Amino acid sequence: MSEDTSNSTHFGYKTIEAEKKADLVAGVFHSVAAKYDIMNDVMSFGIHRMWKRFTIESAGARPGMKVLDLAGGTGDLTAKFSRIIGDTGQVTLADINDSMLKVGREKLRDKGIVGNVNYVQANAEALPFPDNHFDIITIAFGLRNVTDKDAAIASMLRVLKPGGKLLVLEFSKPQHDIMRKVYDLYSFKVLPKMGSLITKDADSYEYLAESIRMHPDQDTLKQMMEDAGFEQVNYTNMTDGIVALHKGYKF
């Protein structure tokens, strides 16, 4: 069942009209785009690089494949996939936010990554790609910002080739009480202050902390993927479940 049937949704802890969420989320990422990479390193103490490395390893990309890096933002995963798939493959970096796409494009071009990457501004709920098109889809730290997650998961299934794999890297639920308490303290007391110091925008990082708490937990997201039609769905917790990587296949 789509989570948008009541015509309302969550923006952090606030309940809003569903059609307003995309614009509000866009405002958050327009605000933080220029400092996004710096904040990722600071607020995760660099651990996000380990989470992303595990995602790349789990994807099993090979030369010649077509990869969709959805909500790919500043292009961390795209850069790594580009090197793996080579000249015969293609990575599509897609994001709904044009500010994030601009930062990603400039960053990758500065690194000399140009030949096998294209950029598309796209809404995850209605992907503008043909059926059965991609070998691999990744969405890293993006699904929780989508208004209708069920629609997005169904759209990803549609554009995957049979045999293709979806990997969802996302903040999730810590598994132990002490970690939950430390994580809550950090998220709601420390993180907004970091956001204020580095990006001059505490409110956006308060939203990001709230959006993590409102995102489905590990087993709920697994069920959502299965309900959409993905098979062999499983997940791996990292850093005690602060982050989880979900994997599912289209057959």
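Glycine too: its Cβ is placed from the backbone N, Cα and C atoms.
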Q.
ASP95, ASN123, ALA124 show up in Swiss-Prot as binding S-adenosyl-L-methionine; which entry in THR74, THR88 does that record put in the same site?
A. THR74
Q.
Give me the count of other Cβ atoms within 10 A of the Cβ belonging to ASP95 (S-adenosyl-L-methionine binding site).
A. 27
(Q) Could you state, as a whole number of Å, the largest distance between Cα atoms of any two of THR74, ASP95, ASN123, ALA124, the listed S-adenosyl-L-methionine binders? (A) 17
